[in-house]
Each structure stands twice: as C-alpha cells, then as structure tokens.
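Undergrad: What follows is a single structure, and I will ask about it in a moment.
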Amino acid sequence: MRIGMGYDVHKLCENRKLILGGIEIPYELGLLGHSDADVLIHAIMDSLLGAAALGDIGKHFPDTDNKYKGISSMLLLKEVGKLLNENSYEIINIDATIIAQKPKMAPYIKDMIKNIASALCINENQVNIKATTEEGLGFTGEGLGISSQSICLINEK
C-alpha cells in the first residue's frame, strides 16, 4: 500500500466562478487560476500522483500550456485516474478537507463526492470530503483564498 498527500491554494477574486469538487457554488468571488482553479480536485490529484510516485499536477498539466487554460479540473482528474490504472494502481480511499471561511460547503459535499467517485470510477464510500474554517485566521480566515488538503491510499493491483 502507498499513501499520498496533496495541498493546493488559490486566491479568491471577482469575475470568476467558484468551482469546488466539480460543483459551481454560488458566491460573489471565484478562485483565480490557469484552469478552473478547483483547489479540492487539485489537492486530490496531487495526493494520487504522489502516492504513485508520478510527480504532481504541474508536471502532467503545466500552467504554461494553453490547452489547460480554463479547463475543468474534473477532466484532469479523469486523466490522473487513467494514469494510476495504466501504472497498475487502484484507489483504496481519498480523504480531503476544504479550508474556507465562506461560503458554507455542507450543502455541496454530497455532490462533490459523487463527482469525484464517478471521475475515478470508484465507489462513493471510498471518498470523504470535509470542510472547515480557520476561525478568521490567516488568508483563508480573512476570506482572501481557499485551500484544500488531501490524503489517499492506493494499492498495486
């Protein structure tokens, strides 16, 4: 068995959609980034790639490549799932946390789990998503950005 850890952070800004776990969340600010800036999916991808010793998302989907500009991170997650399969790994479980002062994530978590499980061709009970705040502390607590952490367990087939 192999374990992987991922982390991502993006700045909140105007005139962008807020996409987390492939879900568009109604909010006056969105995340700034080359792709759709889905910090949850980016952290999950990095944890999976790390567990398989396949590098990180910057290696596979560089922000210097215009073909990834504005791309849905869910499409990239599917590619990561294919990479794991091609390298004879199966996902045991994923556990991730979204760190954001606002908006509240609870109404969207079930749909995020469905999206992630579907993209990776795994069962929903293999994916856990949580959300927390930093009690007004730091850049996420001040509402300047959103971050996410992910840990996963994979196994050779």
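Glycine residues also receive a Cβ, built from the backbone N, Cα and C atoms like all the rest.
From a predicted model like this one, the values you see are computed outputs, not experimental measurements.
Heads up, here are the entries from Swiss-Prot:
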| type | residues | note |
| --- | --- | --- |
| BINDING | 8-10, 34-35, 56-58, 61-65, 100-106, 132-135, PHE139 | 4-CDP-2-C-methyl-D-erythritol 2-phosphate binding site |
| BINDING | ASP8, HIS10, HIS42 | divalent metal cation binding site |
| SITE | HIS34 | site 'Transition state stabilizer' |
| SITE | THR133 | site 'Transition state stabilizer' |
Undergrad: Nearest of the recorded positions to THR133 (site 'Transition state stabilizer') by CA-CA distance, picking from HIS10, HIS34, HIS42?
TA: HIS10
Undergrad: If H, G and I count as helix, E and B as strand, and all else as coil, what does DSSP give for HIS34 (site 'Transition state stabilizer')?
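TA: In three-state terms, HIS34 (site 'Transition state stabilizer') counts as coil.
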Undergrad: For the recorded positions listed here (HIS10, HIS34, HIS42), tell me which residue's CB has the most neighbouring CB atoms inside 10 Å.
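TA: Its Cβ has the most other Cβ atoms within 10 Å: HIS42.
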Undergrad: To the nearest Å, how far is the Cα of HIS42 (divalent metal cation binding site) from the Cα of ASP8 (4-CDP-2-C-methyl-D-erythritol 2-phosphate binding site)?
TA: 6
Undergrad: Using a 10 angstroms cut-off on Cβ to Cβ distances, just flag whichever of SER35, THR132, THR133 is the loneliest among these recorded positions.
TA: THR132
Undergrad: How big is the Cα-to-Cα gap, in Å, between PHE139 (4-CDP-2-C-methyl-D-erythritol 2-phosphate binding site) and HIS10 (divalent metal cation binding site)?
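TA: On Cα coordinates alone, these residues lie 10 Å apart.
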Undergrad: Which state, by DSSP, holds PRO103 (4-CDP-2-C-methyl-D-erythritol 2-phosphate binding site): helix, strand or coil?
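TA: In three-state terms, PRO103 (4-CDP-2-C-methyl-D-erythritol 2-phosphate binding site) counts as coil.
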Undergrad: According to DSSP, which kind of secondary structure is THR132 (4-CDP-2-C-methyl-D-erythritol 2-phosphate binding site) found in, if we only use helix, strand and coil?
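TA: Note: THR132 (4-CDP-2-C-methyl-D-erythritol 2-phosphate binding site) is in a strand by DSSP.
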Undergrad: Radius 10 Å, atoms counted are CB only; among the binding-site residues PHE61, PHE139, which position scores highest?
TA: PHE61
Undergrad: Quick check on the binding-site residues ASP8, ASP65: which one has the highest count of other Cβ atoms within 10 Å of its Cβ?
TA: ASP8
Undergrad: Given the recorded divalent metal cation site (ASP8, HIS10, HIS42), which additional residues of the same chain have their Cβ within 8 Å of the Cβ centre, ordered by sequence?
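TA: Here the non-site neighbours turn out to be VAL9, LEU31, GLY33, ALA37, ASP38, VAL39, LEU40, ILE41, ALA43, SER147, SER148.
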Undergrad: Just jot down the residues in the same chain as PRO103 (4-CDP-2-C-methyl-D-erythritol 2-phosphate binding site), at least 6 apart in sequence, with C-beta under 8 A of its C-beta; none if empty.
TA: LEU18, ILE25, PRO26, TYR27
Undergrad: Indicate whether ASP8 (4-CDP-2-C-methyl-D-erythritol 2-phosphate binding site) is helix, strand or coil by DSSP.
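TA: The three-state answer is strand.
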Undergrad: Cα distance, HIS34 (site 'Transition state stabilizer') to PHE61 (4-CDP-2-C-methyl-D-erythritol 2-phosphate binding site), nearest Å?
TA: 10
